[in-house]
Amino acid sequence: MSDPIVTSSKMEKSAEFEVTDSALYNNFNTSTTASLTPEIKEHSEESRNGLVHRFVDSFRRAESQRLEEDNDLEDGTKSMKSNNHLKKSMKSRHVVMMSLGTGIGTGLLVANAKGLSLAGPGSLVIGYVMVSFVTYFMVQAAGEMGVTYPTLPGNFNAYNSIFISKSFGFATTWLFCIQWLTVLPLELITSSMTVKYWNDTINADVFIVIFYVFLLFIHFFGVKAYGETEFIFNSCKILMVAGFIILSVVINCGGAGVDGYIGGKYWRDPGSFAEGSGATRFKGICYILVSAYFSFGGIELFVLSINEQSNPRKSTPVAAKRSVYRILIIYLLTMILIGFNVPHNNDQLMGSGGSATHASPYVLAASIHKVRVIPHIINAVILISVISVANSALYAAPRLMCSLAQQGYAPKFLNYIDREGRPLRALVVCSLVGVVGFVACSPQEEQAFTWLAAIAGLSELFTWSGIMLSHIRFRKAMKVQGRSLDEVGYKANTGIWGSYYGVFFNMLVFMAQFWVALSPIGNGGKCDAQAFFESYLAAPLWIFMYVGYMVYKRDFTFLNPLDKIDLDFHRRVYDPEIMRQEDEENKERLKNSSIFVRVYKFWC
């Protein structure tokens, strides 16, 4: 069957350039040719010198690297494209496991302890259910945009500049970069808190140094090391979540531990909501909302893999379905089970004010019921999970920073890619930011955790709002310019109204979080400036960058005119007739399949 994809006339045809190591290989051969003598000892010594020289030489700038500027956009937006690309050395097994496990870290495994302590299990479940709907709407919007613009430089970070405004794009993209920059020290701090479950008198800096050096070693030796370590880390995380679900059900039913049947005991005593007035309980739900955004953070990254799929029209619905299962099983189900097995007044939960406030609720779900050995295994896997997210942050942040430099949004000196495909200067900058993690040895460890987690959580609100608002603007621009949606390869199941709801809900969360930050829970309704900036720092930071870009560039465009948006820039246009023919053939093929195949296709 013919290909349904018709390339637009305005779509760029930039030739890919593969950075090779031929020069290094020739240098290596030159340096070792002289060693081919009868003396085996001399040959061995020269070979070792050649390997050392090759490793050192790999840190030099890739000779072919240069930037090309494209001014094709009608609204004047420039796309800075490099004709080299970062090395892609990961295999399909790496990508599959990362899509399942990446993002399962501090937000889900540790930060929810404070939410459970302050708000109770009822607020925890309500907050996660509400954010789950927005997550699905965002995934649908991102899927439609990703299939339509699979090769757009900057991917979903570029949507804002094209469909909204350049100032909105600058502020949101930089905040997204800052989010990943803060994740590294955040995870290092969390790792020290996790270790304190075993020994709370140990110097946290010892483990911070070990984990920090380990992460630097991985990333300065290339992407292959990152791919293999992430495959192992994510495998452990998925197995732990599956085992935790089974264990929690067994404990609750009285099959393990010393408490017998638990059922909904903790929802009655100490209760499903934390003590206090109705306003305090509502504040608890508002607090959980931002915590949930932090936990769901990273799920939007599935869009990045769309341009690597042979048939995005078919793979995107599959990815959307899997995101639903990830939401229902990994997030909602585990939150419900934690609420059933961990009382919210336990003094080991972070934020409870107890003497040992460093335990994850996943660990407490087993340890407080006197289940032996298992809590230590869970805590060890949580430690692996935390290091895994720090590993991902040190992989994503430098590449995002390098991309910002290529687009003209960051200093050009950060656009340095060495011969092994490492964004070297950006990697050094991100590594220096990780030094913030050494505050773990100070008494302000939990306070630093709150600051960093708040930046990351609110950043997701801006990023997701940008994706959904760009989707709305894309649909409107298509209508204004007389384009048919039949040209779109994948249309969001939730339509444009899902994006409207998501943007509206995010605005409500911003306002609710402002209230909670200004008058935090447990402060007697009094305002607290320090607590406000701890919880709401990302918002004034975004406003500063948004206004600063407007003033500096003297560009006060609030929204790009719909009729001026270049819809064809890096757009993939599909033939409606061929798509209908494909859909009919797929329906007929599915109709003639076995019941097992039909069930599988329906659910997966």
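Backbone N, Cα and C atoms are what each Cβ position is placed from, and that goes for glycine too.
Going by Swiss-Prot topology annotations, A320 is found on the same membrane side as I565. By the Cβ criterion (distance under 8 Å, sequence gap of 6 or more), the transmembrane segment (239-259) is counted as touching the transmembrane segment (378-398), at least 3 such pairs being found.
Per-residue confidence over the topological domain 'Cytoplasmic' (553-604) averages out at a pLDDT of 81. In summary, the transmembrane segment (503-523) lies against the transmembrane segment (285-305): three or more C-beta pairs, each 6 or more positions apart in sequence, are under 8 Å. Put simply, of 170-190, 285-305, 324-344, 378-398, 532-552, the stretch with the most CB pairs closer than 8 A to the transmembrane segment (207-227) is 378-398.
When the topological domain 'Extracellular' (191-206) is classified with DSSP, helix, strand and coil residues number 8 helix, 0 strand, 8 coil. With DSSP states grouped into helix (H, G, I), strand (E, B) and coil, the topological domain 'Cytoplasmic' (141-169) comes out at 21 helix, 0 strand, 8 coil.
Counting residues 6+ beyond its ends, the transmembrane segment (378-398) has Cβ neighbours under 8 Å at 101-106, 109-110, 177, 180-181, 183-184, 187-188, 190-191, 194-195, 197-198, 211, 214-216, 218-219, 223, 226, 229-230, 233-234, 236-237, 239-240, 244, 298, 359-360, 362-363, 366, 422-423, 426-427, 429-431, 433-434 in the same chain. Counting residue by residue with DSSP, the topological domain 'Cytoplasmic' (553-604) contains 29 helix, 3 strand, 20 coil. Cβ atoms under 8 Å from those of the transmembrane segment (450-470) belong to residues 106-107, 111, 114, 134, 137-138, 141-142, 145, 156, 159-160, 162-164, 168-169, 171-172, 175-176, 178-179, 182-183, 185-186, 189, 290-291, 293-294, 296-297, 300, 436, 498-500, 502-503, 506-507, 509-510, 513, 534-539, 541-542 of the same chain, restricted to positions at least 6 beyond its ends.
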